[in-house]
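What follows is a set of notes on a single structure, which appears directly below.
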Amino acid sequence: MKVAVLGAAGGIGQALALLLKLQLPAGTDLALYDIAPVTPGVAVDVSHIPTAVNVKGFSGEDPTPALEGADVVLISAGVARKPGMDRSDLFNINAGIVRGLIEKVAVTCPKACVGIITNPVNTTVAIAAEVLKKAGVYDKRKLFGVTTLDVLRSETFVAELKGLNVSRTSVPVIGGHSGVTILPLLSQVQYAKWNEDEIEPLTKRIQNAGTEVVNAKAGGGSATLSMAQAAARFARSLVKGLSGETVVECTYVEGDGKYARFFSQPVRLGKEGVEEILPIGPLSNFEQQALENMLPTLHADIELGEKFING
């Protein structure tokens, strides 16, 4: 099994490289790529950690050597948010970066499972899909927007608020990966009893948690460490699925289009990537209304990505 990280010298990428070196199964190959010349050094640095994961680093304009033979590709390349920016402000720069990298994936490892971390995920996943489609290699079972951080934050905040064991707290998060499109299904959390006045503030905190980090870092970055852990968890789940285990994660994929062309919901992962898209289950009145309210934003985000490629 080979996992490639594109954008491995960045704030998310370096932390992700460390976590994957520690957490991937023994015998996995880990390829680290970034345009920055420091990248082979990042690979040497993490290669000194004593685990049976083989690491190689690549830098320069062309990610092809890192992508050759890859089963899983994680894309975290791009610019990060700064105070006053929202994820859509990143679009102008990151859209072109994702397009260029996915064009290389389409040629070098078209059958790989691709996890998009680069924001705005609602839009960059649509860009990736259209690039792969133009190349004639699009398989919707193998393209994912990594929304796992919304799940991690939900689990953390719910466990803190309700005094639950965080390792046993599970919160499905549906929709997209920015602002109002992030919808934690708090009504489905086991062992949590909610007062009416708790739901909306907690939902808003989860939706705006990225901004909480950006502001707290005072211009010094965005959520890189927690995002890296989220991406590592998702990568491990993908690798388990590809190895024949049954794993369920919430992720942003192309499904039946009931709500939007791309939509985050629980997905059973397996040998072909998406094995089954699971139902979102019963919603509270608050959640049903929030779902309906988010859809125009989500549709517009997706359309932006489609138009970026198709004009």
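Note that Cβ sites are derived from N, Cα and C of the backbone, with glycine treated the same way.
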Hey, Swiss-Prot has NAD(+) bound by G7, A8, A9, G10, G11, I12, G13, D34, N94, I117, T118, N119. Any idea which of M85, M227 it lists too?
M227
Reduced to three states, what secondary structure does DSSP give R153 (substrate binding site)?
helix
Distant-in-sequence Cβ neighbours of R153 (substrate binding site), under 8 Å, six or more positions away:
I206, A209, S226
Least buried by Cβ count (within 10 Å) of the binding-site residues G7, G11, G13:
G11
Among residues G7, A8, A9, G10, G11, I12, G13, D34, N94, I117, T118, N119, M227 annotated as binding NAD(+), what is the maximum Cα-Cα distance? Answer in Å.
18
Taking every protein chain shown into account, which of the recorded positions R81, H177 has the largest tally of Cβ atoms within 10 Å of its Cβ?
H177
From the Cα of N119 (substrate binding site) across to the Cα of N94 (NAD(+) binding site), what is the distance in angstrom?
7
Are there any residues in the same chain, six or more apart in sequence, whose C-beta is under 8 angstroms from the C-beta of A9 (NAD(+) binding site), and if so which?
L32, D34, I35, A36, V38, T39, V42, S59
